[in-house]
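Working notes, beginning with the structure itself.
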């Protein structure tokens, strides 16, 4: 269980354009958050339970679920996102896994949740 908590609290640097240090951004999943560090968003990568409905505030900017695309919230509270491709692609996840299993996929760390769903960091691997 410790491994799950450690992996769920990992900060991941995502590949987006520079931001202003100290800026805070919301990720499109509605539960993860980013903070700008040295011109790059550093984001939490927590497992978010399904069913969380994403709400945004007009003018708010955030990173999409793909970890690369940038989004902005419209005056009506709906989000619109760019369609950037993630450099190097997203880490591939196992089709199924054994709960509690821990492994690496390239430079990313993965953990299998109790529901047999793989949870992986999404770092850009060079």
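Numbers here mean position along the shown chain, with the first residue as 1.
Using the three backbone atoms N, Cα and C, a Cβ is placed for every residue, glycine included.
Since the structure is predicted, the reported quantities are computational estimates derived from the model, not experimental observations.
According to TrEMBL, the features are:
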type	residues	note
DISULFID	97-112	disulfide bond
DISULFID	107-125	disulfide bond
DISULFID	110-120	disulfide bond
DOMAIN	94-126	domain 'Pacifastin'
SIGNAL	1-18	signal peptide
Cα-to-Cα gap, residue 107 (disulfide bond) vs residue 120 (disulfide bond), nearest whole Å: 10
Helix-strand-coil residue split for the domain 'Pacifastin' (94-126), DSSP-based: 0 helix, 12 strand, 21 coil
Neighbour tally for residue 120 (disulfide bond), based on other Cβ positions within 10 Å of its Cβ: 22
